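What follows is a single structure, written as structure tokens, with notes after it.
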Amino acid sequence: MTWSQDLAHKTYSILHWADGYFEVNDAGQMVVMPVGRDGVRISLPEVVDAARAAGAKLPLLLRFPDILGHRLGKLQAAFAQAQSEWEYAGGYTAVYPIKVNQHRGVAGVLASHQGDGFGLEAGSKPELMAVLALSRPGGLIVCNGYKDREYIRLALIGRKLGLKTFIVIEKPSELRMVLEEAKTLGVLPGLGVRVRLASLGAGKWQNSGGDKAKFGLSPRQVLDVWKVLRGTEYADCLNVMHFHMGSQISNVRDIAKGMREATRYFVELSRLGAKITHVDVGGGLGIDYEGTRSRSDCSINYGLQAYASHIVQPLASACEDYDLVPPRIVTECGRAMTAHHAVLIANVTEVEAVPEGRVPGVCDDEPAVVRHMREIYGELDARPAIELFYEAQHFHAEGLAAYTLGQIDLVHRARIDDLFYAISHGVRERLSHEEKSHRPVLDELNERLVDKYFVNFSVFESIPDVWAINQIFPIVPIERLNEAPTRRGVVCDLTCDSDGTVKQYVENESLDSALPLHVLRHGEAYRIGFFLVGAYQEILGDIHNLFGDTDAVEVAVDGRGYRIAQQRCGDTTDVMLDYVGYALDEVRRVYAQRITAAGMSAAESKALSDMLEAGLTGYPYLSDVPLE
């Protein structure tokens with residue numbers, strides 16, 4: 001099949017997971033469209049080159065703030081259309097939970113979109129302090145999470161400062177503290193209750209919903225809260241009903257089921273006399289990381305408009321059936337707002353090609369296991385391929401055991417491997433996925449016979465969910481996509497940890513154990529993009545092997561082009577050492593003592609001292625200059 005732009009899109013499933021923000025251009029480069037297909041197209045290799053010319057180094061995080069605004073606009077437009085279709089007059093507010101990515105360049109950009117259609121959510125005291133500064137006057141702030149008196153006091157101060165803060169009661173003990181602090185400050189609090197739904201959305205994050213959820217009130221506890229408030233000056237303060245169906249909900253039916261249950265809570269609270277003006281449905285809107293449009297954990301089987309409709313319709317029907325005032329619908333879809341806006345770019349530093357295998361010459365003292373392997377290779381065209389592979393596996397294992405017992409030497413051990421790889425490649429050429437009986441062996445061979453692409457980044461720092469929960473992220477070369485990839489490889493990071501390997505890849509609308517990649521060219525960079533990393537990854541990343549934050553740039557649309565709006569240097573080695581308790585002055589003193597004790601010339605001492613200082617203040621990652 002002739003390689004083409006369409007085939008590049010299909011191979012990496014780009015058109016499905018990209019959601020209109022990324023594609024391949026005629027030059028074989030990945031391009032980003034920050035404001036959608038009708039806007040400017042920006043070449044990712046061109047941006048990386050411009051950032052490097054300005055001093056940035058790889059690995060490099062590219063942020064596209066215009067995507068944040070565009071995603072928010074699409075979310076608001078979807079709910080506007082759904083409310084129009086269902087004749088729902090309650091309105092809609094998209095709340096951003098800043099735990100998804102607290103960076104000022106993310107939360108601040110979203111917060112700059114003024115109006116009733118946007119709000120912020122905090123789940124801790126530091127996050128609350130941030131949103132109190134970011135929110136517009138009169139802006140909606142949802143206060144979730146565990147709370148002590150200081151947290152509650154700060155939220156109430158927000159009310160006195162003209163912000164619409166709502167303290168969501170998630171534990172029965174919180175209500176008493178809220179009422180006491182409100183009385184002390186002389187302010188009427190904005191109150192909400194988080195109800196714990198029995199409905200459970202399937203997926204990796206299902207424990208955030210359902211009866212076993214960490215947060216939320218049981219039906220009895222909800223009634224107890226209302227019993228305390230009813231008939232007091234605070235009764236009219238209970239305005240928010242909040243719930244959470246789960247995060248990254250893959251199946252739209254789970255959303256529909258959760259909304260049916262939640263709507264009953266809204267109706268019952270309203271009939272009891274609570275003035276519920278806002279229904280906060282929490283998160284749940286998923287991202288199709290896989291591009292498979294399915295119910296698997298890292299995909300979704302619905303679109304944005306379907307999501308909005310499944311939220312609006314039950315509330316619209318309930319308000320009509322029970323003659324209730326439609327509440328304002330609030331969502332906390334942080335993942336959907338932010339995932340697309342960030343791309344990590346890293347360079348391949350080296351490739352370890354899978355051995356092709358060979359048939360060694362016959363020697364007089366050849367062990368029986370080597371002779372058997374040689375005979376198997378000679379029968380590749382005469383016997384069933386699968387049968388030969390299983391025999392080769394048997395004798396290969398027998399040879400390894402013999403070597404461990406000292407019965408064969410290293411030379412013959414290497415010959416066994418050579419023959420096994422030669423047989424494996426020969427068997428794979430004779431198998432086809434069209435034959436159902438071939439698939440198990442073919443899958444095993446495809447997983448075994450792959451190159452290792454060593455990439456200048458840390459899985460644990462930049463895409464920690466790959467290690468923690470087997471999260472899928474699309475990975476695509478950002479250039480040479482006008483050439484057919486001729487190798488299959490796995491991506492390995494820089495860390496001294498076998499978990500620093502990506503094990504699943506998006507390919508041809510499914511998942512595979514390896515990724516189609518190109519052969520490296522001497523003296524030419526080969527750069528790979530890790531896409532949809534804008535949600536959670538920066539915040540969850542750790543410092544395994546003391547690899548810290550990468551360099552980052554913000555790339556803003558400027559007319560029909562772009563500009564690098566902001567550049568942030570990543571962590572240097574001295575910053576990482578200081579973070580884990582090293583006294584840098586002492587480190588430098590020890591270096592100086594050892595140089596003096598070595599008895600070198602002044603010139604050599606100066607040169608070594610300069611190199612040590614450069615290492616101490618340098619970027620922890622490898623050089624991004626391609627090897628000659």
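Placement of Cβ uses the backbone N, Cα and C atoms for every residue, glycine included.
In the three-state DSSP scheme, Lys99 (N6-(pyridoxal phosphate)lysine) is classed as helix. Applying an 8 A CB threshold to same-chain residues 6+ apart, the list for Lys99 (N6-(pyridoxal phosphate)lysine) reads Glu121, Gly123, Ser124, Glu127, Gly334, Ile539. Under the heading N6-(pyridoxal phosphate)lysine, Swiss-Prot lists Lys99, citing sequence analysis as support.
The 10 Å shell around the Cβ of Val279 (substrate binding site) contains 25 further Cβ atoms across the protein chains shown. According to Swiss-Prot, the substrate binding site annotation covers Val279, Asp280, Val281, Gly282, Gly283, Gly284, Leu285, Gly286, Ile287, Asp288, Tyr289, on the basis of sequence analysis.
Counted within 10 Å of its Cβ, the other Cβ atoms near Leu285 (substrate binding site) come to 25, all protein chains included.
There are 20 other CB atoms within 10 A of the CB of Ile287 (substrate binding site), with all protein chains counted.
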